[in-house]
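Among the features that Swiss-Prot reports, ATP binding site is placed at Lys14, Phe62, Arg90, Thr96, Arg107, with the record citing sequence analysis. What Swiss-Prot lists as active site, pros-phosphohistidine intermediate is His123.
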Amino acid sequence: MADKQIERTLIILKPDAVVRGLMGEIISRFEKRGLKIVGMKMIWIDRKLAEKHYAEHKGKPFFEPLIDYITKAPSVVMVVEGRYAISVVRKMAGATDPKDAEPGSIRGDYGLDVGDAIYNVIHASDSPESAEREINLYFKPEELFEYCKAADWFYHTHARSKKEYLDSMDCLER
């Protein structure tokens, strides 16, 4: 992951995505976009973890409903890696409020705005600092994996020099 353009970000498929059977469809979107899943698991987020994750919202009127929502049923947490992964995933997720999310975005297609409740199916880290903090909340280093994808070949063929190309091929030689 030496390339500065290659980033890792945390994604949470929230309880509404899980109970509505949307996990496969949403995960597929990230894979089709060329992002690499380097860690993934299903967990039931407890209150303590939820409060750590959403600490910056403590004291805001939506904090308690948010904690209740994220702890209501299991979630799928995953780390994806790719070129500009943080901004790519945020764009794919769409606006936080589903009524403001563009059609074609994950929240635009699957999010629900029900009265004063928002079910927006997905969380995506909003910055490199948030991504690092959030990944460390949910994953141990040994739960994140390095491996080659077919798309890696494409990126390696665009090396600027033969040396750069050969140095980058270690992933493909395993």
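Here, residue 1 is simply the first one shown, and the rest follow in order.
Keep in mind that glycine also has a Cβ here, set from the backbone N, Cα and C atoms.
Checking each of the binding-site residues Lys14, Phe62, Arg107 against His123 (active site, pros-phosphohistidine intermediate) by C-alpha distance, the shortest gap belongs to Lys14. Each of the binding-site residues Lys14, Arg90 was ranked by the number of other C-beta atoms within 10 Å, and first place falls to Lys14. Between the listed recorded positions, namely Arg107, His123, the fewest other CB atoms within 10 angstroms of a CB are found at His123. Taken residue by residue with DSSP, His123 (active site, pros-phosphohistidine intermediate) is part of a strand.
Secondary structure at Arg107 (ATP binding site), taken from DSSP and collapsed to helix, strand or coil, is helix. Scoring each of the binding-site residues (Phe62, Thr96) by how many neighbouring Cβ atoms lie within 10 Å, the top position goes to Thr96. The record assigns Lys14, Phe62, Arg90, Thr96, Arg107 to the ATP binding site, and the maximum Cα to Cα distance across that set is 21 Å.
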